[in-house]
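Comments concern the structure below.
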Amino acid sequence: EKMNKFTKISYSDEINSYYFMGILIFEVLLKIVTMDGMLAIFSIVFVFLYVRLQVRSWFLALVGMIEILLSLPVAWFLFAGVFQIEFFSFLNTLCIFLVAAIGADDIFIFIDAYRQSAYHQDPAVLESLESRMSWVYRRTGTAMAITSATTCCAFLCTLLSPLAGNKSFGIFAALVILVDYIFVMTLFCTAVVIYHNKFEKDVCCCDIFSCCKSRCINSNPSPTTIASEKMTANDEPVQDRDRVSTFFREKVFGLIKSPMKRAIIGVLLGAWLIISLVNAMKLEPTKETEQFLDEDHPLQKSVKILENEFPIAEDDINLQVYFSWGLDEVDRKGVNQLFKPEFVGEPVFSKDFKFDENCQTAMLVACEKLRNDDDLAPYIKRVGAVGSVSCFVEELGAYAKLGSLSDCDAVKSREWKDDNDWQVSPSDLTKMMEGFIDQRSCFSDNEDTILTYYADALGWDGSSLKYAAITVENQVLDPFGTKSEPVARKQYDKMIELADKLTTDMNGVCGVGPIMTDLDQKFIFMNTQSIYVRSAVQSSVLGVFIAFAVLLMSTRVFHIALFATLSIMSVLLSIIGTMVLLGWSLGSIEAILISIVAGFSVDYVVHLAHSYNHSSGDTNERLQSAFSEMGSSVLNGMVTSVGASIPLFFCQLQFFKKFGTFLCLTIAYSWIFANFGFMSLLAQAKLPLKEKKACINL
């Protein structure tokens, strides 16, 4: 706490203080994760209170939140218990906010349909509670099934990614959405029936903006019976029942219906899409190290200062890069990290590797070249004006020549190799290694034995040498931080070039060429960054196509599916353009978010499309009906999702903070393009639809 006090700008007008201590990092990060995790509670509380405000029942709000929260453990049971997936991605924690937003949206759809059934013009709907709930069930079940299927498929697009973390998140998110849909259609539906029979005493014309208790009815007949009698008597016109629905049916529809106003909407949305396109084309992969904390956090400032303000010192620990002879490509057969996270493959040792005198000589020559080549200074760290290169063959030769490594000055002088008779023959290698591996290394600051000091470079299994490696210390990369993909790529390409040069120079004297790798997985992370970018494009594009396919199959109307897909594409373009406007570059966080845009942006346009398709009349009548039926539900879903994302703005972990911004923007853009873009296209096209054949009870 005192250190945090010292880091505040207000503490001193003359000096800025920052702290960085390895032993504190875990404690600081644990505290940050705990505080950020607590923000999820605020999202849940907001969703609960807003659901209570809309459904006007503590009972329904409580059951609704229970089914939302139950979706997580049930989905986890299917994920880990049924499908036996063991890989848990940190991305899976985002499903808390995901299900809070989408789950509340499904609740609003169901309860609004239940309320609208009380005003339905068909008397058969209100004949009994069974007929009423049957109508509600059929209407909402189809609409939510389409949105849930589209959202699930969009999340399952992450299976295209070779990264287990992305796959794990996509599968878990899809299961959460599926389970939530099942709970809404079972548990919440049952709760509505109980609410009808036990708690819905007042059949009232009130909405959330007004209260008119004097006009409410409280009597022994069931609410459905009362609603039927009121509709039969035409006691009150339908359009006065819900002010929000009335607003969408009259005001918003009037805006879309007017050609002049529709043209203005088209110009505004078109201009914004052009701006978004121009900015989206400027999106570039990140060229800086990705920050895991807010840039104002003292720990993040310290990391940035250490990385950018101080040059690499000789005592700093840098990334160890290995050039290994005797290793083949890892056998990846049976590797599936979703089910076996710890199994990454089996090592394969080359049968052609031969560690004879010629190979030993060539490896020692290679070590000298790597040390003394000044052109490699940008890539191999310099210690005492020579490259930091670790070569166990050097100490092996000294041991073979001198008989021990006790005289480190003699070992380091390298005079022992002048006679060129220091090499160890393959027939003597086993006996020589028995004494060699227990010697103290002359290059170890901790007096480690040869076997300990060269643990990763010396592939001795007790009877044979499986592989041998030369280790160089990289000038730029370190084992603790992560550099941007372009920076790491430059170092990687040079190391690959060196491996190829060693293969050429040694002319196969070791039987095989070297394989370049690092054990801190920095080059793997570099490739992971490029995979994120590639997967973002693939997943987002496939998500759009899947949305189109599901919409086309569900509506069976090409232009509705096409216009809805254009709305989703507009959201995707707007998100990317806004990322650039916010100063974001395409790092791993941004790539993950782009890949799941389609999954987040389909709900509203699908609900409006489904309602439009199942309404009757001409284009204007269908538009008005869709706004009347779904306008309030879609608005409530948008408010809930945005509200659930706001606590994330205060997270210190950058991923969650950016996810909050992403969720808020995606929901806002989805609502705008669904209500004003998609519906305007339908109004402008005025393409007729075939009327659904009505069923006749005989």
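Placed from the backbone N, Cα and C atoms, the Cβ positions cover glycine too.
Sequence annotations record features per position, and here TrEMBL assigns transmembrane segment to 20-51, 58-83, 89-111, 142-163, 169-195, 263-281, 531-553, 560-586, 592-612, 633-653, 659-683. Per TrEMBL, the feature domain 'SSD' maps to 29-194, 560-684.
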Which one, 58-83, 89-111, 142-163, 169-195, has the most C-beta pairs under 8 Å toward the transmembrane segment (531-553)? 142-163
Across the domain 'SSD' (560-684), what are the DSSP residue counts per state (helix, strand, coil)? 110 helix, 2 strand, 13 coil
Mind checking which residues reach the transmembrane segment (142-163)? Cβ under 8 Å, same chain, six or more beyond either end. 102, 106, 109-110, 169-171, 173-174, 177-178, 180-181, 184-185, 528, 531-532, 535, 538-540, 542-543, 546-547, 550-551, 554, 595-596, 598-600, 602-603, 606-607, 610-611, 614
